[in-house]
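Quick look at what Swiss-Prot annotates:
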{"type": "REGION", "residues": "1-251", "note": "region 'Pantoate--beta-alanine ligase'"}
{"type": "BINDING", "residues": "1-8, 125-128, Val154, 162-165", "note": "ATP binding site"}
{"type": "ACT_SITE", "residues": "His8", "note": "active site, proton donor"}
{"type": "BINDING", "residues": "Gln36, Gln131", "note": "(R)-pantoate binding site"}
{"type": "BINDING", "residues": "Gln36", "note": "beta-alanine binding site"}
{"type": "REGION", "residues": "252-488", "note": "region 'Cytidylate kinase'"}
Amino acid sequence: MGALHRAHGQLIKSVQGFGSLQPAAVLVSVFVNPLQFGPAEDFDSYPRDLEADCELASRSGASALWAPSVDQVFPGGASSQFRIQVPSHLQAHLCGAIRPGHFDGVVTVVARLLALVRPEVLVLGEKDWQQLVILRHLVAQLGLPVRVHGVATVRDDDGLACSSRNRYLMTQQRQQALALPQLLARAARESQDGRAVDLAGLRCAWEQLGLEVEYVETVDAFNLQPLHAGRKLCLLAAAVRCGETRLIDHTFLMSRQPIVAIDGPAGAGKSTVTRAFAERLGLLYLDTGAMYRAVTWLTQQHDVDPHDPVAVKTILENLELELEPSQSGPQKVRINGHDVTEAIRSPEVTSSVSVVAAHGCVRKALTAQQQRMGVRGGLVAEGRDIGTAVFPDAELKVFLTASPAERARRRALDLDNRGFPVPDLAELETQIEERDRMDSTREVAPLRQAEDATELISDGMSIEEVIETLIDLFRVQVPEEVWPTPGS
């Protein structure tokens, strides 16, 4: 809304990290929206400095700045326009409860902006978290052709979240206001240690320091309904007044780092994109398929009948299986001291892995090991039953798939690149369909899409497009403030 500061500059600069999907131009829109202000709020006195805004936008890398008048955005006046109404459950708490009609005004003007500009990407700050959640719902439910990109809250050196309204604060008031982020941060640390958030205690502490508390609440970070801290990502948010200045801030509460589960059939490209996705976001990559392949390789080395669960179980005793991150190429896989990184990709292993993986003793042993690896989170795992059996509480679940014909084509390329003989495409497609049948009909942990997973069909998509889609899905569930993108 203008009065740009360095947090707005960070929004503009963030576009430079979009890689090959970076938009050709970056437009900054400056518009003090009358629909967002209540009758007694500061619309008339809201800070405006267009010359300074233009300078900051240019310095930060903007291609242009658009500062329309009210008549340009709302021909005939704001009161004569249709308005979009935000679903009541999304604004029943936090700022929505305190400022009735505010978010209706936000979505109405943003929808108007998107219709006029038709951007590829909409960049928003995570500081106004409720606004970001509501606008993501708007884009998703209306099917608008735009990606929503969130940027972590930017803070001044003293810890106060950047805001255009901070300039209202006198020196002494700013010192008072610092209690807002400081006590939120302390509550987050205590929550990590297993202590419950004391909302009444926070309110009392702020009031004793001279701040007027409008609200302090814990809500689900995505449906914005009341929630106590636990496994799910929880938002602890507050709004206070310091003198005449209204300030909002928040922190996220979570018992562990995020987990991503990517399931799908053989040949869907899971390993390739998951490895790149993990590297892009700084997550540990857990290739569970490689673990099953390694056990299959071991059965072949010991001449064990892969169909005999009793015989297979004997080689699981004292099993030493290691996955070692690699700076380049596939993840290193070692079993009982043997480096089997390449060997487990052979056609011989591929033809038997479904049989071995179907045994309950194998899945029990490897699932337990995978869950131990993921106890602290901070990882992405790919396989067949990650979202349904291994990490059913993962923050993001994706079912990555492609048509059998497309998967056969990819398998042929992979075999050729590895120096293995390449069967006819029709034969490969038949093998893949049979593998799908075996994986989806086995009694133990069959291949199936988790109820809360997002299906991603990758036919016709480049590897980079699949990775960017996964990142977008991740950021809907995991804010930058919870898991920052490396180098951001």
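Cβ coordinates are placed from backbone N, Cα and C, and glycine is handled just like the others.
What Swiss-Prot annotates, mapped onto the structure for a quick look.
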| residue | record | Cβ neighbours (10 Å) |
| --- | --- | --- |
| Met1 | ATP binding site | 17 |
| Leu4 | ATP binding site | 25 |
| Ala7 | ATP binding site | 19 |
| His8 | active site, proton donor | 25 |
| Gln36 | (R)-pantoate binding site | 21 |
| Glu126 | ATP binding site | 20 |
| Gln131 | (R)-pantoate binding site | 21 |
| Val154 | ATP binding site | 18 |
| Ser164 | ATP binding site | 18 |
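Taken together, the residues in the region 'Pantoate--beta-alanine ligase' (1-251) have a mean pLDDT of 91 on the 0 to 100 scale. In the three-state DSSP assignment, the secondary structure recorded for Glu126 (ATP binding site) is coil. Here the CA atom of Gln131 ((R)-pantoate binding site) lies 16 Å from the CA atom of Ala7 (ATP binding site). The separation of Met1 (ATP binding site) from Gln131 ((R)-pantoate binding site), Cα to Cα, is 14 Å. Following the DSSP three-state reduction, the secondary structure of Val154 (ATP binding site) is coil. It is 22 Å from the Cα atom of Val154 (ATP binding site) to that of Gln36 ((R)-pantoate binding site). The two recorded residues, Gln36 ((R)-pantoate binding site) and Met1 (ATP binding site), show a Cα separation of 10 Å.
With respect to their backbone Cα atoms, Met1 (ATP binding site) and the residue listed as 'active site, proton donor' stand 10 Å from each other. Geometry remark: Ser164 (ATP binding site) versus His8 (active site, proton donor), CA distance 10 Å.
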